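Read through the structure below, which is laid out as structure tokens, and then see the notes.
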Amino acid sequence: MVLLHVLFEHAVGYALLALKEVEEISLLQPQVEESVLNLGKFHNIVRLVAFCPFASSQVALENANAVSEGVVHEDLRLLLETHLPSKKKRVLLGVGDPKIGAAIQEELGYNCQTGGVIAEILRGVRLHFHNLVKGLTDLSACKAQLGLGHSYSRTKVKFNVNRVDNMIIQSISLLDQLDKDINTFSMRVREWYGYHFPELVKIINDNATYCRLAQFIGNRRELNEDKLEKLEELTMDGAKAKAILDASRSSMGMDISAIDLINIESFSSRVVSLSEYRQSLHTYLRSKMSQVAPSLSALIGEAVGARLIAHAGSLTNLAKYPASTVQILGAEKALFRALKTRGNTPKYGLIFHSTFIGRAAAKNKGRISRYLANKCSIASRIDCFSEVPTSVFGEKLREQVEERLSFYETGEIPRKNLDVMKEAMVQAEEAAAEITRKLEKQEKKRLKKEKKRLAALALASSENSSSTPEECEETSEKPKKKKKQKPQEVPQENGMEDPSISFSKPKKKKSFSKEELMSSDPEETAGSTSIPKKKKSSPKGETVNDPEEAGHRSGSKKKRKFSKEEPVSSGPEEAAGKSSSKKKKKFHKASQED
């Protein structure tokens, strides 16, 4: 009997599943295929032994990287050693990736199997995984997979500012396309403007200069001595400017209308702008090549080096190529044609555009191309894998190529490669130290600026926080100053006031309108407007010793006076009662008279 266990890697953790014991694994194939889509049947065949969840997304990313690289992570090792049986010979572990299976078999000693029934079982586990693990939903599993996928891709697609070879690939491709377009458009301008001024084609050879002159001259009959200075500025040659002026006076070209001249000038301006953009793009390419591949640029030139990188796909791919591949890079058609026809294979590809092969004699072109390809391969590897790329090695390699050329021509023996590389190493260390010193200086300046900025922000925030409570205190003090002390109403017993309480000012009674009186509750209004009873006046001869009592008495007098002057508002029921009593009195008087 064989104990079959299956390892399933998920974004949320590792799952170890066990299958029912069978004599042969192949007997499980039809049962598994039938039960993959049915959860109930699948549970009868497969059961979950253990589930090891990842503690965080960072741990999940580490485990995913380990599985992709074929390395047994500590979490996976702990799971397998804990939950697999101790008798390793009877255990068969099914895995989805052969690399991780080989690593488990080598490190832990378990027999691993991939493919066949294992693939079908993993398909079913992947389909029903959220049902096998308690507490895991399909939505949470999908979110975990999405997050891990983004993190894994982010680590794979690394962005390094110093090795932006993709920008070089796009720049050289655009530069080649611009060269073709400018050449085509310039020929169109020459043909179009040649009907009006055919002599200008023979005088001016440069396409960009010809387009500028066509835009400036326009109608040749309007060209005179006043424009000679501007012609000299455009052509940068006084003799050519004088020849253009003389040719315009005796030209054999046809007359042209104003609308045709407008179209020619417009098209010429477009060609001029394209040529200017081409120059700026070339400057940009040179700066990028000096940052990314300085040694290759110093050896073979920026344009040829960029074409090699573009053809290889990246600087890393170019560094991985052998020198024989670099030699014929760009001549694949000729190579396969030669292999098909059993003819001579090409000696050089893109490196033919370098100056070295053109300077070599015909019999030495193959030798120098092979030597140059060897040095290009070395330079690309130095640029790709050095921490601080410098142009020192490229310059030394260029000197070696020059010495080899002179050796082919004159027989002068070049220096040994060992001596040249020792010298280059010393200079490269000095250059790297200088570059690191500059970088550290820039970093210190940046940190100093950042520190100043943070200090300014902290100072501003502290000022704001200190000014805020002061403003709050001011705003809280202002209403206290404005607020007047209102006298409190004291309950009266038998119409007598408490003599211990004094009022600084009498409380003004609120005047009510008729509508408010009608809408308010009569009982409340009656209760609120209670008339104080009159007090017995003190004898004239009596003096008051206590000042507080005297103040209280004066206050109570004012209050009684105020209550007499103010009309007492009564409710509608009291008013109705008074009117009815008056009517009764009148009726009683009339009955007595009768």
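Any Cβ shown, glycine's included, is placed from N, Cα and C.
Per Swiss-Prot, SUMO2 cross-link is recorded for LYS87 (among others), and the stated evidence type is similarity to another entry. Its Cβ taken as reference, LYS87 (SUMO2 cross-link) is surrounded by 8 other Cβ atoms within 10 Å in the chains shown.
Taken from Swiss-Prot, the feature SUMO2 cross-link applies to LYS230 (among others). Look at LYS230 (SUMO2 cross-link): DSSP puts it in a helix.
The SUMO2 cross-link annotation in Swiss-Prot covers LYS240 (among others). Summarising the environment of LYS240 (SUMO2 cross-link), the number of other Cβ atoms within 10 Å of its Cβ, over all protein chains shown, is 17. Look at LYS240 (SUMO2 cross-link): DSSP puts it in a helix.
Residues annotated as domain 'Nop' in Swiss-Prot, with sequence analysis given as evidence: 292-410. This prediction places the mean pLDDT of the domain 'Nop' (292-410) at 91.
Annotated phosphoserine per Swiss-Prot: SER314 (among others), in sequence order. Under the three-state DSSP scheme, SER314 (phosphoserine) falls in the coil class.
Taken residue by residue with DSSP, ARG359 (omega-N-methylarginine) is part of a helix. What Swiss-Prot records for ARG359 is omega-N-methylarginine.
If you look up Swiss-Prot, you'll see 457-594 marked as region 'Disordered'.
Feature annotation from Swiss-Prot assigns compositional bias 'Low complexity' to 457-469.
The phosphoserine annotation in Swiss-Prot covers SER466 (among others), and the record cites similarity to another entry as its basis. A sphere of 10 angstroms centred on the C-beta of SER466 (phosphoserine) encloses 9 other C-beta atoms. SER466 (phosphoserine) falls within a helical segment according to DSSP.
If you look up Swiss-Prot, you'll see SER467 (among others) marked as phosphoserine, on the strength of similarity to another entry.
Per Swiss-Prot, the feature phosphoserine maps to SER511 (among others); the stated evidence is similarity to another entry.
What Swiss-Prot records for SER519 (among others) is phosphoserine.
Positions annotated as phosphoserine by Swiss-Prot, on the basis of similarity to another entry: SER520 (among others).
Residues or ranges marked as SUMO2 cross-link in Swiss-Prot: LYS540 (among others).
Sequence annotations record features per position, and here Swiss-Prot assigns N6-acetyllysine to LYS561 based on similarity to another entry.
Per Swiss-Prot, SUMO2 cross-link is recorded for LYS564 (among others), and the stated evidence type is similarity to another entry.
When the recorded positions LYS87, LYS230, LYS240, SER314, SER466 are compared by Cα distance to ARG359 (omega-N-methylarginine), the shortest distance belongs to SER314.
Taking H, G and I as helix, E and B as strand and the rest as coil, DSSP gives the domain 'Nop' (292-410) the counts 92 helix, 0 strand, 27 coil. Put simply, of the recorded positions LYS87, LYS230, SER314, SER466, the one whose Cα is nearest the Cα of LYS240 (SUMO2 cross-link) is LYS230. Between the CA atoms of SER466 (phosphoserine) and SER314 (phosphoserine) there is a gap of 58 Å, rounded to the nearest whole number. Looking at LYS87 (SUMO2 cross-link) and SER314 (phosphoserine), their Cα atoms lie 50 Å from each other.
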